[in-house]
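Annotated in TrEMBL:
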DOMAIN    41-289  domain 'G-protein coupled receptors family 1 profile'
TRANSMEM  26-47  transmembrane segment
TRANSMEM  59-79  transmembrane segment
TRANSMEM  91-115  transmembrane segment
TRANSMEM  135-162  transmembrane segment
TRANSMEM  199-219  transmembrane segment
TRANSMEM  240-260  transmembrane segment
TRANSMEM  272-291  transmembrane segment
Amino acid sequence: MDGGNQSGLSELLLLGISENPEQQRVLFWMFLSMYLVTVVGNMLIILAVSSDSRLHTPMYFFLANLSFTDLFFVTNTIPKMLVNLQSQNKAISYAGCLTQLYFLVSLVALDNLILATMAYDRYVAICRPLHYTTAMSPGLCISLLILCWALSVLYGLIHTLLMTRVTFCGSRKIHYLFCEMYVLLRLACSNTQVNHTVLIATGCFIFFTPLGFMVMSYVRIVRAILRIPSASGKYKAFSTCASHLAVVSLFYGTLCVVYLQPLHTYSMKDSVATVMYAVVTPMMNPFIYSLRNKDMHGALGRLLLGKVFQRLT
């Protein structure tokens, strides 16, 4: 890579956030435990929703897809991180790096779009309850999900293809957890103005448009809740949105810390925020959505008891 361009680039070195052996051992067990918790938590959500007819509603349909996205998201990055933490060979092929980048970018966008769709579901449920069944029909839910996937796939393709035009030179060492857009652009020695322009334009559309939609939805939801006469009615209506609000706040809060800054200021200190949105958020989502959700508690209980009963018989 020294002095060469991308056509001669065969691999990069993912050095992670620490080269200290002791710290690497601690990080390995920490990330492994977080990965296992994330996989088990999101798999339980998916199995509970798919196996319990009481949860065959639009809200849980989108929640199961959010869990699938989070499961896919962590599997795209954490296994390679774990291998690198235990191995002396920290190389990742150029093609492998671009593949990781594509899925990272696509799945973050998909997470965002599904959260926006869930906000619309809550808006219809609270503000237009009498029309909920027709407004959130199975056909519309599937169409919305297909649209989310199509936009996220296109978003990932645009940025991955643009990255193939970038020329790299100098050090091939990446002091980061995985192949991430800003990190790769900082290694570039060619003009990346097109990448930055497209990143800003598409980022505003794919992230800020859904965020604006979610804000508008919740403004109307709050107005509708305030019109409910009883305190118990207000609490019940708000409790259906609390989990979604917590996930949106965690998701956008960590993304803003990482990406709402100039490229030249991007440094190792942003690794903490990156771990938050890449590892912690997918791990926390199942807990947030099931913590105070009686329907989910019941479905998980029936699922686990059913498995235990099958083993005993």
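All residue numbers here begin at 1 and follow the chain in the order shown.
Every residue, even glycine, has its Cβ placed from backbone N, Cα and C.
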If we call contact 3 or more Cβ pairs under 8 Å (sequence gap 6 or more), are the transmembrane segment (59-79) and the transmembrane segment (199-219) touching?
no
Any contact between the transmembrane segment (240-260) and the transmembrane segment (135-162)? By contact I mean 3+ C-beta pairs closer than 8 Å, pairs at least 6 apart along the chain.
no
Candidates 26-47, 91-115, 199-219; stretch with most C-beta pairs under 8 Å toward the transmembrane segment (272-291):
26-47
Residues from the same chain, set at least six apart from the ends of the transmembrane segment (91-115), whose C-beta lies under 8 A from its own:
6, 9-14, 62, 65-66, 69-70, 72-73, 76-77, 80, 145, 147-149, 151-153, 155-157, 159-160, 163-164, 178-181, 184, 206-207, 210-211, 214, 244, 247-248, 251, 255, 277-278
Averaged across the domain 'G-protein coupled receptors family 1 profile' (41-289), what pLDDT does the model get? Just tell me the whole number, please.
86
So which residues does the transmembrane segment (26-47) touch in its own chain, when a touch means Cβ under 8 Å and the partner is 6 or more beyond its ends?
16-18, 63-64, 67-68, 70-71, 74-75, 78-79, 81-82, 85-86, 279-280, 282-283, 285-287, 289-290, 296, 300, 303
